[in-house]
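Here the structure is laid out as structure tokens; the discussion comes afterwards.
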């Protein structure tokens, strides 16, 4: 079952699009999967009779959220949002609790699954490239001003960002599988990686493209000599920077102009989040009040601070949601106040931890994933998405034992 869960999560964006197309009144696909994993975690804990120390940090964060819900008199509705936030930690804790051999076996099977999905995406891409407008119409999608005259890949995910999320996950697993675990890199494996990067670039999703090229730029490849190392790194740096500049200037000129404007909706959400947090320190506004799913049913903060449909979505235009979720880390901080320190401590301990059967490749990839999650959470609700749950699974599988009271030193010998 633990190998089936990632497959179910990968296809969640497609299931979500289907529920919208078929006018389903609700979508609890993610929640049903989480319930299964939660029951598996409870069984795992009952068999061992103990929990990992890192679980105490997650439980402390959730307990803090519940405390603020009671303090602010937001129950019972906001307890639902606490449960939604808790899903990410359920995935991490279950897969982190597996034995070392189970972790390795699960990672190998996930890599095989991702190869199959990449092949499926490639087949869809061959149809989508010449008929991208018809493909999007079939999925009932709107076209945004990005890419080449409106062309960008979405595949069965239904959005360029979701496709880019998956491809970036594939790339990270590819490197962990071949460099971290040590599986031989054959010609077919190199082709798969090249195909993945091509699809990533053609998704025209800026964040993921930038992060993946940075991932390559700083990857600790082995070199024959110091001169060889710095020569190749210099060439790679020049190539990556030049390529990214051309990519962003040519294909995102309009989007960049909008993003750099102080009236850009994300900046406005950030400014509003800072203002509201300042008025509600130290506890924050409480979970389920600002920038979260439940907050759309608990609108007191939105009414008090005059937050309208430009952030929440214009129902008259058929918008089911606005961009209020698109500055997640800031709105999340506004909700939980000082609790953000517990949240960041949790991820610091993941960064500070060692991997299973440590080597420099595993360490780098695991730590990059931690940074990647925090970086993406600035723009998207990483604790609430199927992609975020996949990242939680990977971190659970790649992270070894974690001591809450011990801290590593990073000085080079």
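Using N, Cα and C of the backbone, Cβ positions are placed for all residues, glycine too.
If one looks beyond the transmembrane segment (20-42) by at least 6 residues along the same chain, the residues whose Cβ comes under 8 Å of a Cβ in the stretch are 1-2, 5, 8-9, 12, 84, 87, 90-91, 93-94, 97, 139-140, 320, 386, 389. The transmembrane segment annotation in TrEMBL covers 20-42 (among others).
TrEMBL lists 54-71 (among others) with the feature transmembrane segment. Sequence-distant contacts of the transmembrane segment (54-71) (same chain, six or more residues past either end, CB-CB distance under 8 Å): 78-79, 82, 85-86, 89, 92-93, 96, 283-284, 286-288, 336-337, 339, 342-343, 345-346, 349-350, 402, 404.
Nonlocal intrachain contacts for the transmembrane segment (77-94), taken as residues 6+ away from its ends with a CB within less than 8 angstroms of a stretch CB, comprise 2, 5, 30-31, 34, 37-38, 40-41, 44, 51-52, 54-55, 58, 61-62, 65-66, 69, 286-289, 292-295, 297-298, 382-384, 388-389, 392-393, 395-396. According to TrEMBL, the feature transmembrane segment maps to 77-94 (among others).
Residues 10, 151-156, 163, 166-167, 169-170, 173-174, 192, 195-196, 199, 202 of the same chain lie 6+ residues outside the transmembrane segment (114-132) yet bring a C-beta within less than 8 angstroms of a C-beta in it. According to TrEMBL, the transmembrane segment annotation covers 114-132 (among others).
Residues or ranges marked as transmembrane segment in TrEMBL: 152-177 (among others).
The feature transmembrane segment is assigned by TrEMBL to 234-253 (among others).
Residues annotated as transmembrane segment in TrEMBL: 327-348 (among others).
The feature transmembrane segment is assigned by TrEMBL to 369-397 (among others). Within the chain carrying the transmembrane segment (369-397), a Cβ under 8 angstroms from the stretch's Cβ atoms is held by residues 5-6, 9-10, 12-13, 30, 33-34, 84-85, 87-89, 91-98, 103, 106-107, 110, 161-162, 165-166, 168-169, 172-173, 176, 207, 211, 215, 266, 292-293, 325-330, 332, 347, 350-351, 356, all 6 or more beyond its ends.
Sequence-distant contacts of the transmembrane segment (234-253) (same chain, at least 6 residues past either end, Cβ-Cβ under 8 Å): 146-148, 201, 204, 206, 209-210, 213-214, 216-217.
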